[in-house]
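**Student:** The structure is given below, and queries will be raised subsequently.
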Amino acid sequence: MEFQKIHFQKAHFLISAPDIRHLDKHLPPESGIEIAFAGRSNAGKSSALNRLTRQKGLARTSKTPGRTQLINVFEIEEGKRLIDLPGYGFAKVPLAMKLKWQKSLGEYLQERESLKGLVVLMDIRQPFKELDQQLIYWAIDADIPVLALLTKADKLKQGARKTTLLKMREEAKNFEGDVQVELFSSLKGIGLEMLEQKVTSWYAQGETPSTALDEISI
């Protein structure tokens, strides 16, 4: 199926918010279409967003895990947004902050009406950790489709990559939801075209019939 081309390189920073309540004030929850990116600290989330948008500095990368503490919103075009959710799972972050982040993530995934797809990024060498699974279950409960990316795929040889991918696809069946598992490497571009196609399809599916008709009639 052909979808309207998305110009990811036009993405620009819109706002940051500490939680869903602040986000709702600036962007009504029913407005537009949002695709969220989430992952453990240093899973390669910021690098993936930068590669997708062809912008090295759009999402700030850091050698210090746990640096992303806010919900960061980027707009590609009016009504189409990418959401950079706080990184999670870093051991040196205080417990109170961990719990706050997890609460913020859960509320966003379960309550944000404009969310139409979730990309979960996991280091291919440490996939489907407990918090990754919790995130995916939250999304499934909210009827949100999930793309699970095994990042840093270039760190493994091709045979090991394929073996891990097949194993993780089998594990993903246990979620009993719409969970697709793929390889990804920001460095080598592995899986980039697939990511573009998936996000584009989510934007298309998230459009209301009236919006789609308006675009056709223009």
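Count begins at 1; order follows the chain as displayed.
Glycine residues also receive a Cβ, built from the backbone N, Cα and C atoms like all the rest.
Marked as GTP binding site by Swiss-Prot on the basis of sequence analysis: 39-46, 66-70, 84-87, 151-154, 184-186. As annotated by Swiss-Prot, Mg(2+) binding site applies to SER46, THR68, with the evidence given as sequence analysis. According to Swiss-Prot, the domain 'EngB-type G' annotation covers 31-205, on the basis of sequence analysis.
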**Student:** Between the binding-site residues GLY39, PRO86, whose Cβ has more other Cβ atoms within 10 Å than any of the rest?
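**Tutor:** Comparing the binding-site residues GLY39, PRO86, the most crowded Cβ belongs to GLY39.
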**Student:** Give me the CA-CA distance between GLY39 (GTP binding site) and SER46 (Mg(2+) binding site), in Å, as a whole number.
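**Tutor:** Here the two Cα atoms are 10 Å apart.
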**Student:** Return only the integer: C-alpha distance in Å from LYS152 (GTP binding site) to SER46 (Mg(2+) binding site).
**Tutor:** 13
**Student:** Around the C-beta of LYS152 (GTP binding site), how many further C-beta atoms are within 10 angstroms, looking at every protein chain?
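**Tutor:** Around LYS152 (GTP binding site), other Cβ atoms within 10 Å: 24.
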